[in-house]
Amino acid sequence: MELRTETVLASLEMTEGESDAGSSEGDADYESLPAHASLCTHMTAGAVAGVLEHTVMYPVDSVKTRMQSLQPDPKAQYRSVYGALKRIVRTEGFLRPLRGLNITVLGAGPAHALYFACYEQIKRSLSDVIQNGGNSHIANGVAGSVATVLHDAIMNPAEVVKQRMQMYNSPYRSLYDCVLTVSRKEGLAAFYRSYSTQLTMNIPFQAVHFITYEFMQEHFNPQRQYRPETHILSGAAAGAVSAAVTTPLDVCKTLLNTQENVALSSARVSGPLSGMVNALRTVYRLGGVPAFFKGARARVIYQMPSTAIAWSVYEFFKYSLTQQEQHIQELGRGAQKASPT
């Protein structure tokens, strides 16, 4: 009996050892994300993620801007994103959906570098206070909101130029022509006319965005390892939820950016439209409650993949750059040990 008991215990210990080895081998496929990456790493990863996010999905963004027009030209009325892209390419040229991309790329790099770096630093500091370093939805929301202020300060002028060039029958020949014409006719303040509205929209957007992303990561990637599929899934969910709930504010922002002449004339607005309250009132006057959800489908279709791209690229570069920094540091320490004293 004693021999049989020892045999059973030995077999149980072997089984437990094999299962532990198997789990460690499974976890070895992914390595933990860096808990404390450098500021330079956050900024570099953020810049690359921002440029790719806006570049890949830019044609859909062009469609979204046009579909949010409150008084569209009969030739620019679209039923679907695909139908809109098809008609734009057929009637206006293959590159027309990319018009204004250059100013977006110029703004997206530095804007997203500050955006992600600010978010990571504030999130870490607040999480240490609120949850002793653990995940805090309050910290995520506050960090995302503060990061948005810096991001929009850079991106708002780019958004004004981009959306004016995206509109149907845009009168501007080039990026330079648009900047020059707007600054001459409306003054430099025109590039920040929608800034308060942009913040009113983007602060709740980014708060919902970051809370949703971190919530999804908490459930699908609790060990916070580098798992591309979870970053894509979490990013897509965050983009969809935040885009859907803030569409009415995005419609107001588009009207302030484009200063749509036909729409403003119909609403009997003289001079440039400014201010969130005036924008809300004008949108309601022109189309009632449904007008606040114009382009909602295009906005969600744009945000889901673009946010998934942004997070997956950001996490990849953050992981890769940190691994490279650690490797260089290890080589340096090895060289110091090897050198004679």
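Here the Cβ of each residue, glycine as well, is placed from N, Cα and C on the backbone.
As recorded in TrEMBL, the features of this protein are as follows:
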- 1-29: region 'Disordered' (REGION)
- 37-125: repeat 'Solcar' (REPEAT)
- 135-219: repeat 'Solcar' (REPEAT)
- 226-320: repeat 'Solcar' (REPEAT)
Per-state residue totals over the repeat 'Solcar' (37-125) - DSSP helix, strand, coil: 71 helix, 0 strand, 18 coil
Segment-level pLDDT (mean, integer) for the repeat 'Solcar' (135-219): 91
